[in-house]
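> Next up is a structure, given as structure tokens.
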Amino acid sequence: MVMRPLWSLLLWEALLPITVTGAQVLSKVGGSVLLVAARPPGFQVREAIWRSLWPSEELLATFFQGSLETLYHSRFLGRAQLHSNLSLELGPLESGDSGNFSVLMVDTRGQPWTQTLQLKVYDAVPRPVVQVFIAVERDAQPSKTCQVFLSCWAPNISEITYSWRRETTMDFGMEPHSLFTDGQVLSISLGPGDRDVAYSCIVSNPVSWDLATVTPWDSCHHEAAPGKASYKDVLLVVVPVSLLLMLVTLFSAWHWCPCSGKKKKDVRADRVGPETENPLVQDLP
């Protein structure tokens, strides 16, 4: 009994001019979304059909003779609910649920109306990781200021943005010149008055956000504990030693390679010489 009205709706969509409207709906993985079936004032729905248009064309839900039906074989089977106002609820959402959807409605006078919707499903943003790096001064004299680089990182989530916030003040943004690599790295100069100032890295996408907060002054002028090296000590020791080892390796390769062939040739000549003597030639008495 349902097949005949369904085919008639598809013919309406294929043959008659239909008013088409479009909208974008955003949601996140694990959540749910409501696709609203908007229609003109006074439009009394007699029949309706919800379909997925992309990435695959599938029948999702229908409304015929006052009956709501969602038990159609599709990737949303068991995750689709058609409400009495003909809005379609989908959930829990998965990462592959993004796509285009349409609802075709016919009123009691036989006039059709189609609405298209684009659904974009995003992963929820995880908590970022913030690392503090201290710029090493060339002179050994202690400085009252501390140049700090804050690096913020989050897994590769689509359409993610980075921003920074200075806490405990009314300043909710940073100067553009102090940001690097699309906002992932923040360069700041701290003084003794910034001892308790905290900075937060905020990562966000169109549907979620999270943050991590650090107090960078704790890493400035931090004395290394007995038996432990500070960040500055590691840079001052590891970098020169690495360069020295690299130079020694290059010098050794340059020094020994030209001589290696000569040594092998001399050894071969010494070994072959005695063997080439004529055994028939002997000293006469």
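Each Cβ is built from the backbone N, Cα and C atoms, and glycine gets one as well.
So TrEMBL lists the following for this protein:
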DOMAIN    128-215  domain 'Ig-like'
SIGNAL    1-22  signal peptide
TRANSMEM  234-256  transmembrane segment
> Which residue counts does DSSP give the domain 'Ig-like' (128-215) for helix, strand and coil?
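Split into helix, strand and coil, the domain 'Ig-like' (128-215) gives 6 helix, 42 strand, 40 coil.
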> Determine the mean pLDDT over the domain 'Ig-like' (128-215), rounding to the nearest whole number.
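The predicted confidence over the domain 'Ig-like' (128-215), as a mean pLDDT, is 82.
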